[in-house]
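What TrEMBL annotates here:
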TRANSMEM  6-25  transmembrane segment
TRANSMEM  32-50  transmembrane segment
TRANSMEM  79-98  transmembrane segment
TRANSMEM  105-124  transmembrane segment
TRANSMEM  144-161  transmembrane segment
TRANSMEM  182-201  transmembrane segment
TRANSMEM  221-240  transmembrane segment
DOMAIN    277-341  domain 'J'
Amino acid sequence: MAKGLLVTYALWAVGGPAGLHHLYLGRDSHALLWMLTLGGGGLGWLWEFWKLPSFVAQANRAQGQRQSPRGVTPPLSPIRFAAQVIVGIYFGLVALISLSSMVNFYIVALPLAVGLGVLLVAAVGNQTSDFKNTLVAAFLTSPIFYGRPIAILPISVAASITAQKHRRYKALVVSEPFSVRLYRLGLAYLAFTGPLAYSALCNTAATLSYVAETLGSFLNWFSFFPLLGRLMEFVLLLPYRIWRLLMGDTGFNSSYFQEWEKLYEFVHSFQDEKCQLAYQVLGLSEGATNEEIHRSYRELVKVWHPDHNLDQTEEAQRHFLEIQAAYEVLSQPRKPRGSRR
């Protein structure tokens, strides 16, 4: 049955961020992507307004015979590549919040989550990519940045480059019943949101801590680029500012965004607390120079190295890890306290 443009626009307007129009057109990968990202943060949903006629035409051409050109490589798309990197980072951040307590998280769960995010974008429309090679690139990159949240970025970039290198058109696809497609999408949605919901409901305090640390690490990625850092902070506060512009101070006082801004403030207070604890671990006063931090770190590492404390291995291991973590925190570029808002 031919797909109608008016029906597509109606579904786009009513349930666009949930991907209803893509589900109607048989674009299941795109529908799942919109379900998990709420229409690409709303921006992708709005941008699609001009693309819907081409989506409908492609869906009507694909009915019956859906064989793509053989031996033809799809053109390189910078937009698709950027989307793969962004969605890979997004999947990695969600995994970091909900699954970071798993054993070997940085070796198994993190590269798997990032790789699946990249592959989901690669499968949008009439294109796809090589599943095995993309995941192999993610798993090979992960150990290089083991134990660091910043690993999400290089893993996503490596997987996206590999996915672009092995891009191809989809082969012949047999039409499936709507119930089967919906069942598959439901399972994928639950697999993504289930661990996050469980962490939020059953381990709220730890989840809030993970969110704060993850967002703090995300903002720290831009420490070397102050303009980008300020831009990201502006983006994080944009929903709150729009709400205040529309509703005024009265609406804000009883709104959800008050709690939302408290979380934003907690992210920075959490980072400040980490710095204070790091100074205590290294036996330094706040504001110590980089040279003093490095010197204290080297001295304490020698004292508490497990190989030098065979009679108290467990205690030495604990102190050694604390010292390394404190040095990593204080080695990052630090902003003045008053410059964050």
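The backbone N, Cα and C atoms fix where each Cβ goes, glycine too.
Taking every listed stretch (6-25, 144-161, 182-201) in turn, the largest tally of C-beta pairs under 8 A with the transmembrane segment (79-98) is reached by 144-161.
Averaged across the domain 'J' (277-341), pLDDT for the predicted model comes to 78. Within the chain carrying the transmembrane segment (105-124), a Cβ under 8 angstroms from the stretch's Cβ atoms is held by residues 27, 29-30, 32-33, 36, 80, 83-85, 87-92, 94-96, 99, 131, 134-135, 137-139, 141-143, 145-148, 151-152, 155-156, 159-160, 163, 167, 170, all 6 or more beyond its ends. When Cβ-Cβ distances under 8 Å to the transmembrane segment (32-50) are tallied for each of 6-25, 144-161, 182-201, the top count falls to 6-25.
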